[in-house]
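Visitor: Structure incoming, see below.
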Amino acid sequence: METRQPTLTLGPVLYLWEGETWRDFYFRIADEAPVSHVYIGETVCSKRLHFFEPYLADVIGRLEGAGKQVVLSTLALVTIDREIRHVRATIDGSAYPVEANDLSALGMLRGRPHVVGPMVNVYNGATARLLAARGADAICLPPELPAASVNRIVADVPGVDFEVFAFGRVPLAISARCAHARSKGNIKDNCRFVCGDDPDGLPVLTLDGQPFLALNGVQTVSHTCQSLLGELHDLAEAGVSRFRLSPQHCDMVAVARIHDDVLADRTDADEGIARLRAVYPAAPLSNGFHEGREGAAWVARARNTAHGVNA
Amino acid sequence: MELICPAGTPAAFREAVDAGADAVYCGFRDETNARNFPGLNFTRDELTEAIGYARRRGVKTLVALNTFMRAGQEDIWYRAAADAVKAGADALILADFGLMAHVAETWPEQRIHVSVQASASNAEAVNFLVDAFGARRVVLPRTLTIDDIARLARQIRCEIEIFVFGGLCVMAEGRCSLSSYATGRSPNMNGVCSPASHVQYRREGDALVSVLGDYTINRFPAGEAAGYPTLCKGRFHVGDKDGYAFEDPVSLDVMDQIDRLRDAGVSALKIEGRQRGKAYVAEVVATLRRALDASAEERGRILARLRLLSEGNRTTAGAYEKRWR
Amino acid sequence: MMRLPTFFSMLAKHVPLPVIQQAAAAMLTQIVRRHGGLFERLGEHREKRYAFLPSDLPLAFLVEPAIPAVSVSRAQRPPAADAAVEGPLFMLLALMEGRQDADALFFSRDLTVTGDMEAMLALRNALDDSGIDLPGDLGAMAGPLAPFVSRAASGVRSRVLAEGNPSWN
C-alpha cells in the first residue's frame, strides 16, 4: 500500500469562461492554490476552443513556473473530423501528459504514459488493469462510482495513481444536441455561444421550482456540488492518490485550501464542510454517489459512528 | 442489410423470429444487461431454447451483456458470458473493456459486438476496440449524422450497426448518470434508467403528475397523453420557460433513409424496444421487414402506419439529421 | 371512452358476490395450471397484491400470486393492494392477454396505475410472455361444454374489444 500523502488536483474548467477571466483564474491558481496537478483544455464542446487558445501558452508557463504538473485534457464527445484532428494534435504535439476523455484518445495514447479521465467508463479492476497495461499511469474514476467500487479498484490495481472527483457539480451527461443553445432559441450549429452567459451553468428546475440540474452547453451537470471532504481520509487510507477539485464559479483557491487543511489535519471535516458551504453557497453539497445512493443525496457523517442520513 | 430485433421475453423472441428478423438480441434476467426491468428477460434455459428456435429458422441470436461490471463482482458478468457462449450465442454485445478483454482471451472465436453503451463515436475509437479486442461490429451511438456515418465507415475495419427505430436516448449512451443522480440506479451499473421502483404518478386536480425519486418530471393536463417519467424526456423550467428541456417525447424513425444508410456502409439496422410487448415487436418487425424488402416507392406507404406505435405518435430522425442538434 | 353494455353492469350488480368469487377463483386456477411460468417470472414481486379495478363494473378484483388467490369485492370497498390498475374492462382483459403494449399502459390516460410501479411492470411483462388466451383457457376448463364456453368467451371478447380503440396509445 502506498504511504505517500495524497495531493489535490484541479480538473479542467467545464464551463465557457471569457478568455481573460480564464487566464486570470489559472494565474491565481498557479500563484496561490495548493494543488499538485492542473488539467487544462476544453472537454465539453469543440466550438469553444478559440476562446482560450490565445492564452494557453501563458497559462501553461505560469503553472509550470509555480511547480504545478500540467496535464492537457481532451474532448469527452468526439464525432466529427475536426474534433479527431484536435485530439490528435493535442496528443502529438504535447510536451505534457494528456488526459483521455473518450475512446479515440485512448487509442491514440497507447504505449505512452497518460491519464484516463472521469468520462471514460472504468467501473472495475479488470478495466483499470487493461488501461494500465496500455500506458495509463493515472486514472480519475467516474464520479458515479460508490465507495465500495473505488476501494476495490484501488486495491486490485497497484501501480496506478487513482484520482477521485472530490469537489464540483458532477458532469452527468453529454449529448450531440445542445440543450443550452436550444433553451435560448438557438441550435448547436448557430449557438452564438450562449453558454458563455452562464459561467456556472444554467439552472434546470422541476415544474415545481425545485433546483435539479444545470446546463453547460452540450453537457448536463448536477445542481448539487459533490463534496467528499468528509471522506478524504478514508479514501486516502484506501490508497487513493489524488483528489480532483472541479472548477466552479467561486473562489477555487479557497476551496483548495480547505481541502488541503482537512487532508493535513489542520481542520476537521465538519469545519471544512462549513467553510466550503460559505465559499460556494450557490449549490448544496452532495455525496450520494459515494454512498451508493442517489447522487443528489447528502449523507452527513458522524465521526467514527454510524452514518446519519440527512438527504 | 440485416434487421436486428429486440426481445424482452421468449414470447416476443418467437414473434420477432416469425415476423422476419435476421437476428434477435436479448439478455439475461439480471443486471448484466441494460434492460434489467422487472419481469423481463431470459433465464439460462429460456435463452438456450430461444437460440435453438432461431437457429432452426436461420435466425441469429445476439446476447447483450452491456452493463459495466461491478468491482469485486466481475464473476456475475464472466458467468453470464460463459453461459451465453455455451448456449450458442452468435455474438455477445459488450460495453465494458474488462469484459471484452475477458471474452476475447477466453473464447477467441466468439464474435464481439460493441454495444452502443461503449460510446464509440468515431473511427479512432472503433479501431481502438477492433485492435484491442477483435470487435467485429460496432453499434454506433445516436450522436452521428448519416454523413458522419459514411465517413466513419470508410475508416474502420468492422461492420456498422445503427438504431433506426424505437426509443431515443438524447444523451450519449453509456455516459449518462442522470438516472443515478435522481434514484441511485443507472444504466451503466444497474441496467436501468429512470427505474419503475422510483416512479410515482400523482393526481393534482385534473392533471397527472409523474415523479421520479424526489423530482417532478412532468405534469400532464387533462386530455394530454401521459408519458413514462424518463428523466431526459421530462418537462422542466429553464430560464423563464417551462418545456421539454432536452427532448420532446418522440421516438426515432429513420427507415425512410434506408437507401442512404445502405450507401453509407451500414450492415445492420437495429430496432430498439426490449421492454416493449410482443404485440409491438411483431408489428414493428413485420412492417420493417416489408419495408426493407420493398421498392423505395412502396416503402413510404408501408411505413406510415408505424407512426401509431410510437411514443406520442411522433417520430424524429434524431442526430441522423444535423438540424436536431 | 365507451362503456360496456349496461347488461354486464347489471349482471355484475345482481349476481351474488360468492358466485362471482367462485368463478374468478376457478378462472385463476385454470390460468395458473396452463401458464406455469407466469408467476415465476414475477420474481420478488410474486409476494405483492395486485388490484384490478374495472371502471365500468361495480366490482374490484384482488390477485395474490404467491397463494395464488383472487378475491372479489364491491367497487365501493376496494381492497388494500400494493399496486392497482384501473380502467375499462376491455383494456384490463387486453392487458391480461398481453395484447396491450407495455408502454401504452403508461402513455394512455384510460388506464391509471397506482402504487408499486415496479410490481405492476413485472406483472405486465409476465403476462406478456405467458400467452394467456382467455377463450382458449376458459374453454379448456369447461370440459364437455368447452366449445360452447370458448365460443361464448370469444364472442364477448370481440364485442368488448370492438368498443375500444384497437390501436396503441
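Numbering starts at 1 and runs along the chain as it is shown here.
In case you wondered, yes, glycine gets a Cβ from its N, Cα and C as well.
TrEMBL labels come from automatic prediction, so no person has curated them.
Computed from a predicted structure; not experimentally measured.
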Visitor: Suppose a student reads TrEMBL and sees B:Cys169, B:Cys176, B:Cys232 listed for [4Fe-4S] cluster. Which of B:Cys158, B:Cys193 should they find annotated at that same site?
Guide: B:Cys193
Visitor: If you measure Cβ to Cβ, which of the binding-site residues B:Cys169, B:Cys176, B:Cys193 are under 8 Å from chain A?
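Guide: Near chain A, the qualifying binding-site residues are B:Cys176.
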Visitor: At a 10 Å cut-off from the C-beta of B:Cys176 ([4Fe-4S] cluster binding site), count the other C-beta atoms across all protein chains.
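Guide: Looking across every protein chain shown, the total is 26.
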Visitor: Let me check the 10 A CB neighbour count of B:Cys169 ([4Fe-4S] cluster binding site). How many other CB atoms are there?
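Guide: That number is 27.
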Visitor: When you measure from the Cβ of B:Cys193 ([4Fe-4S] cluster binding site), how many other Cβ atoms are you left with inside 10 Å?
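Guide: 25, counting other Cβ atoms within 10 Å of B:Cys193 ([4Fe-4S] cluster binding site).
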Visitor: Around B:Cys232 ([4Fe-4S] cluster binding site), how many other C-beta atoms are within 10 angstroms of its C-beta?
Guide: 23
